[in-house]
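Structure first, commentary second.
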Amino acid sequence: MVEMLPTVVALVLAVSVVAKDNTTCDGPCGLRFRQNPQAGIRIVGGQTSSPGAWPWMVSLQIFTSHNSRRYHACGGSLLNSHWVLTAAHCFDNKKKVYDWRLVFGAHEIEYGRNKPVKEPQQERYVQKIVIHEKYNAVTEGNDIALLKVTPPVTCGDFVGPGCLPHFKSGPPRIPHTCYVTGWGYIKDNAPRPSPVLMEARVDLIDLDLCNSTQWYNGRVTSTNVCAGYPEGKIDTCQGDSGGPLMCRDSVDSPFVIVGITSWGVGCARAKRPGVYTATWDYLDWIASKIGPTALHLIQPATPHPPTTQQPVISFHPPSIHPPWYFQHLSPRPPHLRPPRPLLHQPSSVHTSSAPVIPLLSLLTPVQPVSFTLAAYHTRHHTTLSFARRLQHLIEALKMRTYPIKYPSRYSGPVNYQHRFSTFEPLSNKPSEPLLHS
């Protein structure tokens, strides 16, 4: 027993050193410490996550000074011990740092809580709110923000940094199946956000399809990512704003935050998928705020060189996952035609958590933008029949004469539907599980 004592002491010291190093949040990013064993089985339905499954997930909570209560409003992603990534629209109405509290390492949250959090949760103040200089609250352009945290967050078993794309990765590859998480509402007009962190799988959707006339009719820009399902099924919702859209290469690779939950029309409606701010387009901006070294620490290894195989244009996950989730895309071959939009299938499904910051009203129809993934800026031309061109002209005139009006997600004058959740007096209605199909 005495002979084993030096070995035991050495192990204790080693564990102590590892734990100390881990508290700086400079370790590996995008790693799930505790995974739900069913996560690989259920492909379309949302489910409750396991504690510690998404250690970079942050709850942004509005703080009311008169009674010290906190109300979940948005989600965010921990980048390191000092910075959180989120959506700019979360601060349209609450721009002061003292209006906010940040909760890390949470699995369950209490809406309207006025007591200190319990371990392993950590509550922090916001030292600085950095909103993109060109953020447009009307068009939803540049919907990205950073929060400086004080005091620094301590990383551990339930708190860890998320990854951002590598500069050389390029835009997210389509098709690809990814994850969304949040404490958002489980359906439109739900009484309050979900008390438990939920997770769900969603498909990345081609921007041509997402911007077609029966979908978002050109509202989506080149710095957005669409994710969800054509028929609805599952989606983020109020209370999920600012939270991450995450993809990974394989079960052994880290998750990479490819999008920030921004806006959508309703929740889980057919042909109205969630719209996310693409993080890859803002890596330079993020580096200018948190520092290039800090950004490098949360970027995975440089991706493998792309294959010579032509990209597949599809809207359903392939039977075999691609070798990596990012790749440089070659120009679209002229013989490929973009897929036609699917027939309308009304469907109602729940949504994801986050206070409401609606900004999505189509006051004046905009021409659909060209496909926006990196090298896909030039769309090929196809010859249309006279009848087809006439039909397009009639549709365009109808849109100008009768612009589409969508119900707002926010109780203010703006018509866009943010995924931000406004807090209201607590309801006696029991909460329901989030994100089920």
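Any Cβ shown, glycine's included, is placed from N, Cα and C.
Listed in Swiss-Prot for this protein:
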{"type": "SIGNAL", "residues": "1-19", "note": "signal peptide"}
{"type": "CARBOHYD", "residues": "Asn22", "note": "N-linked glycosylation site"}
{"type": "DOMAIN", "residues": "43-291", "note": "domain 'Peptidase S1'"}
{"type": "DISULFID", "residues": "Cys74-Cys90", "note": "disulfide bond"}
{"type": "ACT_SITE", "residues": "His89", "note": "active site, charge relay system"}
{"type": "ACT_SITE", "residues": "Asp143", "note": "active site, charge relay system"}
{"type": "DISULFID", "residues": "Cys178-Cys247", "note": "disulfide bond"}
{"type": "DISULFID", "residues": "Cys210-Cys226", "note": "disulfide bond"}
{"type": "CARBOHYD", "residues": "Asn211", "note": "N-linked glycosylation site"}
{"type": "DISULFID", "residues": "Cys237-Cys267", "note": "disulfide bond"}
{"type": "ACT_SITE", "residues": "Ser241", "note": "active site, charge relay system"}
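Cα separation, Cys267 (disulfide bond) to Asn211 (N-linked glycosylation site), rounded: 17 Å. Just so you know, of the disulfide-bonded residues Cys90, Cys237, Cys247, Cys267, the Cβ with the fewest other Cβ atoms around it within 10 Å is the one at Cys247.
Taking Cα separation as the measure, Asn211 (N-linked glycosylation site) is nearest to Cys226 of the recorded positions His89, Cys90, Asp143, Cys226, Ser241.
Here the candidates are the active-site residues His89, Asp143, Ser241. The one whose C-alpha lies nearest to that of Cys178 (disulfide bond) is Ser241. Checking Cα-Cα distances from Ser241 (active site, charge relay system) against the recorded positions (His89, Cys210, Cys226, Cys247) with a 10 Å cut-off leaves His89, in sequence order. The distance from the Cα of Cys210 (disulfide bond) to the Cα of His89 (active site, charge relay system) comes to 22 Å. Most Cβ neighbours within 10 Å among the disulfide-bonded residues Cys74, Cys178, Cys210, Cys226: this distinction goes to Cys74. Taking a C-beta cut-off of under 8 Å and a sequence gap of six or more, Asp143 (active site, charge relay system) has these contacts in its own chain: Ala87, Ala88, His89, His132, Tyr135, Ile260, Ser262, Trp263, Thr277.
DSSP gives Cys74 (disulfide bond) a strand state. Put plainly, the recorded positions Asn211, Ser241 were compared by Cβ crowding within 10 Å, and the winner is Ser241.
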